[in-house]
Amino acid sequence: MLASPPDEPAVASPVMEEITPDTVVTASLVAPGAPTASPESTTPSAAPALPAEVAGKAPKTKVSALVKDAQAYVTELFNKELTAKLTYHSLRHTEAVVKECRALATDANLSPEDTEALLVAAWFHDTGYLDVYDGHEFRSMERASAWLTERGADAARTQLVQDLIKATHRDSEPETELQKLLTDADMSNLAREDFRSNAELLRTEWELVLGKTYTNPEWAEQQLNFMLEHKYESEAGKERYAQAFKENVAEQRERLKKTEKKKKKKVEAATDTFADPKRGVETMFRTMYNNHMKLSDMADKKASMMISLNAVLLSVIITYLGAKSSTLGPEFTRNPVLAIPMSILLLTSLASVVTAILSAQPDVTSFKWLKKSPQIATNRRVNLLFFGNFTKLSLDNFQDGIRELMRQKEGLYTNMVTDVYYLGEVLSRKYGLLRTSYSVFMVGLILTVLSFIIVLLYKS
């Protein structure tokens, strides 16, 4: 499932077949007298194989000495020059392509000479990645040509290998049977069980090398589009990969649907219109209501305290003045200045208790409902959750409004926001009156004390 970037064709996933001791040397590209590798040349380790329905029982392909030399050379080359950024186009990937080429060569009944050319091209087809990413095929052709020339291969056979490597370029159309077999092996990853894990390796490689980043939905869509545009060219490739490829395409479609659903949910969550209640929103409203109720309770307690205190003062003053009016009459006549502190205390206590009573007085907010505007639940100025509003409605209208609220979560939250707003207005009025009550009481006490001091000084 590997989509090719704008400047890079997709490639197959790694699988490797071990060269067995009973392999037989076939006709070689090497001219007589050219050096060859020993039969004990290094062999690669095994890698994940194709699923049973794709691979069947992998045949043991006869390998020439030149192919063994190519294997040893390319293996050493990758071990020395491979960078950590090439997470997909690694030696493991090359080994996978070589193994598929062996199987396809057997299925297509290729001659030993053609099989040798195909396998040498498979070993060298991605060595160019060690030098350059874009257009690596041409660098791979140069490496293969130099290596074959060094081993005495004739020009025609060298050109054949170069043409095979060139056929793996994204803009090339395979023409010969060998070219079709190599390109099919190169894309065999699309028909394997591990195609998704290999796709993630390619995705990482593009991020590290090309700086291309994809979201999960973008990557899934790109992979599916690439798979839908791909087709296997050779008859052997079609027979070997077609069924598993179709299954992987279907699986990728399902994967894309799932990623699109997840993306849609994220978008809905980011642009939520209160379609679903959220714990954070509920916690916010719960906290706001609790705070408003606590503040309202505190205001009522403070008002009650001021009412009690001032009521006691007024009662004492009025009772005392009433009981002693006959006695104090001559005294006030002789010392009229005594009336000043008594009057100040009496008046300020009265003002303080009045404002405290106004603060504690119940305040019911309401609205004027018009029958021409039946959308009660979504009206921003209406709060059906507060009795001061819904008692103005008939029972039928109230029931209709509540049903509408239960159907529309946005309307419910609108009513709750409106309720909090009106609670805030009531609290603002309460605390404003309380502040006035406390201020008047404090000023009254100060003036009363000061006036008594002045009176005493005046008398003395």
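Note that Cβ sites are derived from N, Cα and C of the backbone, with glycine treated the same way.
Among the features that TrEMBL reports, domain 'HD-CE' is placed at 85-204.
Residues or ranges marked as coiled coil by TrEMBL: 242-273.
The feature domain 'Pycsar effector protein' is assigned by TrEMBL to 284-454.
Annotation comment: TrEMBL describes 303-323 (among others) as transmembrane segment.
For 338-360 (among others), the entry in TrEMBL reads transmembrane segment. Sequence-distant neighbours of the transmembrane segment (338-360) (same chain, 6+ residues past either end, Cβ-Cβ under 8 Å): 299-300, 302-304, 306-307, 310-311, 313-314, 317-318, 321, 331-332, 429-431, 433-434, 436-438, 440-441, 443-445, 447-449, 451-452, 455.
Within its own chain, the transmembrane segment (438-458) is flanked in space by residues 302, 306, 309-310, 335, 337-338, 340-341, 344-345, 347-349, 351-352, 355, which lie at least six positions past its ends and keep a Cβ under 8 Å from the stretch. Marked as transmembrane segment by TrEMBL: 438-458 (among others).
Per-residue confidence over the domain 'Pycsar effector protein' (284-454) averages out at a pLDDT of 76. DSSP assignment over the domain 'HD-CE' (85-204) gives 85 helix, 0 strand, 35 coil.
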